[in-house]
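Here's the structure we're looking at; comments come further down.
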Amino acid sequence: QYLEDASEYDMCKRLRVCVATCNRADYSKLAPIMFGIKSHPEDFELEVVVLGSHLIDDYGNTFRMIEQDDFDIGSKLHTIVRGEDEAAMVESVGLALVKLPDVLQRLRPDILVVHGDRFDALALATAAALMNIRILHLEGGEVSGTIDDSIRHAISKLAHYHACCTRMAEQHLIAMCEDHCRILLAGCPSYDKLLSTHHREDYMDIIKSWLGDKVQERDYIVALQHPVTTDIQHSIKIYGLMLDALLSFNKKTLILFPNIDAGSKEMVRVMRKKGIEQHPNFRAVKHIPFEQFIQLVCHAGCMIGNSSCGVREAGAFGTPVINLGTRQTGRETGENVLHVRDADTQNKIYHALELQFGKRYPCSKIYGDGNAVPRILKFLRTIDLDEPLQKTFCFPPVKDPISQDIDHILETQSALAIDLGGTNLRVAIVCMRGKVVKKYTQPNPKTFEARMHLILKMCTDAMRDAVCLNCRILGVGVSTGGRVNPQEGVVLHSTKLIQEWSSVDLRTPISDALHLPVWVDNDGNCAALAERKFGHGKGVENFVTVITGTGIGGGIIHHNELVHGSTFCAAELGHIMVSLDGPDCSCGSHGCIEAYASGMALQKEAKRLHDEDLLKVEGMDMKLSEPITAAHLISAARMGNSKADAILNKASTALGVGIINILHIVNPSLVILSGVLASYYQAPVQRIISERALLSAQSIKVVTSDLEEPALLGAASMVLDYATRRIY
């Protein structure tokens, strides 16, 4: 009784392995494993399921060779819907999925072994995975360049264990996040048989039985071409060209019918239309036993077509191979394979036959060394049925996600900012924090063509540098003098300082050249945008920025939005009139703020005093060669020059009165002075507001900007605000 119990316990420990085979090709890989499993009854219990083209008469009823190999077929499933087109393939998968659950429920295997990349195998893997049956997938991780790739990788994701053939396939599976511990680099099981049997002494008998008594070794061709389901018409055309080339080449040819994939029916029609089955040079067959097929490939003068046998098994013999089309693109091959991927003419294929026929190449063992089956059996013995069935994926270690690291986002998401000044053209890479990462400066050309050429060149250089600086450029912002239509990205007309700069579309050429979104606005508006994002205006709903530089400009932020006006000339703050009979202004009018308080106006007054010898005072350092500027006027006033002081008081008053007008119109809560003269004007303007403004506006604060590059930062802010905005 004890011995009987022990025997029963051992039987229970056996791994119940179900091997499912769909066609003649996968059986050649599965048969060695099946023989190995059958030879170890103490460890394994074998169940065999046959489906697919094995059971179709037109494809040789190849299930009989399984029976001839003395395997008991537990289930035969007729799963092929005839039609040999795409719809028939899909219907065949559906039919298999309908029939498989009953079989798998009855057999209750511990593990299902599936091979390769056929649509039948996808049905097997899908059914097993959904029924919580462990799956061992053979030949995963390979790349062949057709829809087979998608099917193969899909099966790999459903499978729990993998037995792959090459080191590269193993790396692909690891890259697909499969668990390294569940991947076996075994080699191809068919190599176990072909490497041990391809030196059979009776090979000439096999050759003559298929091709006739007069055929000699290496003086015949083996042809095997299958349809490419993603480009059926093209594969039919290649098939016809191959047949024409073989007819012209005039050598004995053993040609196998194509597999059951969509397009095979049309390929057979092409073969019959050309009379291949009746031609004396051809022997057309539906099936050859694998052991005999090995001999025929091993001793052929050449193999042609797109079968995986050509790039895999044939390499083990050094047989010359011509691989036609894209079906095996991506497969690892030995030097015996000549690819004719664009097989668009008969002459090209014929020339390939001339190059390859009769050659011999070194034998390749890329796909195996003849010991795959022992490795696979050992691997099966290690499977622990008690470990969780739910497979896990081994995602590669990565750094903290960038999208959740705010510091990294602020440093790397950047804008390309362009400032078109009257003197210089500047381009800068500006990061989200408002830091100028890198700046480029060139003199602003005088002509339109030269200016546009320089803009694009400087931007291209900056884009290249941005990659090295780890900055991802989100878009381009342009700050320019003059009146701008920001909706269209067009400079309507410019200041006199920038020549040939009216009716200029900036957005289109820059966007076309850099493939980035582009925003354009007036330099005064850009200064206001810079303050809103990076300066004193951050978080302030209503404020005004006034630029006090060579000219006077600025921008108005009202309810957090920039005010452009109906014709895009709002916030022309420098041209607010503060006197009916004041000095001439560059705009053509009189008495504008700019005519009193701009750097150009102060420089003009400084030169007048200098010419009248009224500028210099005792202790004031002035070199004879240096040009007279507004700075000399300010210096003279601070050292007690009453004339200079009077000019500056008038300028401060004009600016202060102009700003009061702004306060009375738009009622901001803050005034920000920007530009080279801002620090000088801040105190006088604050005093004038407190003296002359309405009581409700007298307390409005005037501050000096802390930003060093308001035009560039404003141009960048257009990008950084809008390119990162999500609209639903």
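If you go along the chain as it appears here, the first residue is 1 and each next one adds 1.
Note that Cβ sites are derived from N, Cα and C of the backbone, with glycine treated the same way.
The active site annotation in TrEMBL covers ASP523. Sequence annotations record features per position, and here TrEMBL assigns N-acyl-D-mannosamine binding site to ARG483, THR495, ASP523, GLU572, HIS575, GLU594. Residues or ranges marked as Zn(2+) binding site in TrEMBL: HIS575, CYS585, CYS587, CYS592. Per TrEMBL, domain 'UDP-N-acetylglucosamine 2-epimerase' is recorded for 42-380.
Feature map: annotations from TrEMBL on the structure.
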residue : record                            : Cβ contacts under 8 Å, 6 or more apart
ARG483  : N-acyl-D-mannosamine binding site : VAL491, LEU492, HIS493, SER494, ASN522, THR567, PHE568, CYS569
THR495  : N-acyl-D-mannosamine binding site : GLY422, GLY481, GLY482, GLY551, SER586
ASP523  : active site                       : ASP419, LEU420, GLY421, SER479, THR480, GLY481, ILE547, GLY553, ALA711, GLY714
GLU572  : N-acyl-D-mannosamine binding site : GLY524, GLY553
HIS575  : N-acyl-D-mannosamine binding site : CYS585, CYS587, SER589, CYS592, ILE593, GLU594
Max CA-CA distance, Å, over listed N-acyl-D-mannosamine-binding residues ARG483, THR495, ASP523, GLU572, HIS575, GLU594: 16
Given the binding-site residues CYS585, CYS587, CYS592, and counting only Cβ atoms in the protein chains shown, which has the most within 10 Å of its Cβ? CYS592
At a 10 Å cut-off from the C-beta of GLU594 (N-acyl-D-mannosamine binding site), count the other C-beta atoms across all protein chains. 27
